[in-house]
Amino acid sequence: MKIALLGYGKMGKTIEQIAIKRGHEIVLKVDKNDDAYDITQADVAIDFSIPTVAFNNITNCLNNGVPVISGTTGWLQDYDKAVELCKEKEGGFIYASNFSLGVNIFFELNKTLAKMMNTLKQYNVTMEEIHHTQKLDAPSGTAITLAEGIIENHSGYDNWKLDEAAEKSLPIVAKRIEDVPGTHTVNYESEVDTITIEHTAHNRQGFALGAVIAAEWIIGKKGVFNMNDVLNIG
Ligand SMILES: NC(=O)C1=CN([C@@H]2O[C@H](COP(=O)(O)OP(=O)(O)OC[C@H]3O[C@@H](n4cnc5c(N)ncnc54)[C@H](O)[C@@H]3O)[C@@H](O)[C@H]2O)C=CC1
Ligand SMILES: O=C(O)C1=N[C@H](C(=O)O)C[C@H](O)C1
């Protein structure tokens, strides 16, 4: 499979290594200031760039008939437009806030726990995410997906807020510590005890492998998908 990497930073480089090991070819690497690129030589594009350019990269792929895997976070105000364009162009598109298998299992565990805790109103939910200091967005995309999973399944919450507590609002604390690849913690706290679920990434390999698996999976498919479709879970 011929892969275009849109964004050649920490993730782009890790994806390159894994893709080559799995027998794929990297035909294009686009990083900052590489604006006029020809995407049509690729069978699939994988975007791990920055929030301000991700939607433009996705649009370029869909307009040129190239399926696109989007891992960049912090651009979701334009997600619905990307979905519409994908349908209009009959393209292929997957966005995931986190491509790792472990986190996608954790997403399901989080929803199940929220359902179970729904009747136990003595517990308050809080969330913490920790990432490296170069991260541009906060809270992380993964924390937002976790918060949405709780809001959908627990009547005590209908929105989330960064660093703020408010009525029916799930507070998310975002910490930035050098070299942390990504840690997400969900706490249910009562006066008598605490229930905690946590996912800790040890490195970026899991995110990158998931993105390459998604790219392999989308070839020949048309539509808007997510990692539950790829991994057949949920
Ligand atoms: N969904 C997932 O599983 C994961 C998502 N991410 C997200 O992926 C994104 C990238 O993460 P990292 O690789 O760690 O960041 P990074 O900062 O190491 O890499 C981003 C790269 O994008 C480049 N870039 C800037 N302008 C560009 C443009 N116009 N076109 C293409 N590339 C451009 C930068 O020069 C940089 O090399 C972030 O939004 C991060 O939150 C990161 C890890 C996992
Ligand atoms: O920026 C990162 O590094 C990560 N970003 C994603 C997010 O915002 O959730 C996924 C992972 O946690 C690493």
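From the backbone N, Cα and C atoms, a Cβ is placed for every residue, glycine too.
Just so you know, TrEMBL annotations are computer predictions that nobody has curated.
Owing to the predicted nature of the structure, the values given are computational and were not obtained by experimental measurement.
These features come from TrEMBL:
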type	residues	note
DOMAIN	1-99	domain 'Dihydrodipicolinate reductase N-terminal'
BINDING	D31, G71, T72, T73, A96, S97, N98, F99	NAD(+) binding site
BINDING	K32	NADP(+) binding site
DOMAIN	102-231	domain 'Dihydrodipicolinate reductase C-terminal'
ACT_SITE	H131	active site, proton donor/acceptor
BINDING	H132, G141, T142	(S)-2,3,4,5-tetrahydrodipicolinate binding site
ACT_SITE	K135	active site, proton donor
Sequence-ordered recorded positions from H131, H132, T142 with Cβ under 6 Å of an atom of ligand 1: none
Alpha-carbon distance [D31 (NAD(+) binding site); H132 ((S)-2,3,4,5-tetrahydrodipicolinate binding site)] in Å: 20
Least buried by Cβ count (within 10 Å) of the recorded positions G71, H131: H131
Site of maximum Cβ density within 10 Å, from recorded positions K32, H132, K135: K135
Spatial neighbour of the residue listed as 'active site, proton donor' that is closest, considering only the binding-site residues G71, T72, A96, S97, N98 and their CA atoms: T72
Recorded positions near T72 (NAD(+) binding site) (Cα-Cα within 10 Å), from K32, H131, G141, T142: G141
Spatial neighbours, same chain, of G141 ((S)-2,3,4,5-tetrahydrodipicolinate binding site) - Cβ under 8 Å, 6+ residues apart: T73, G74, L76, S97, N98
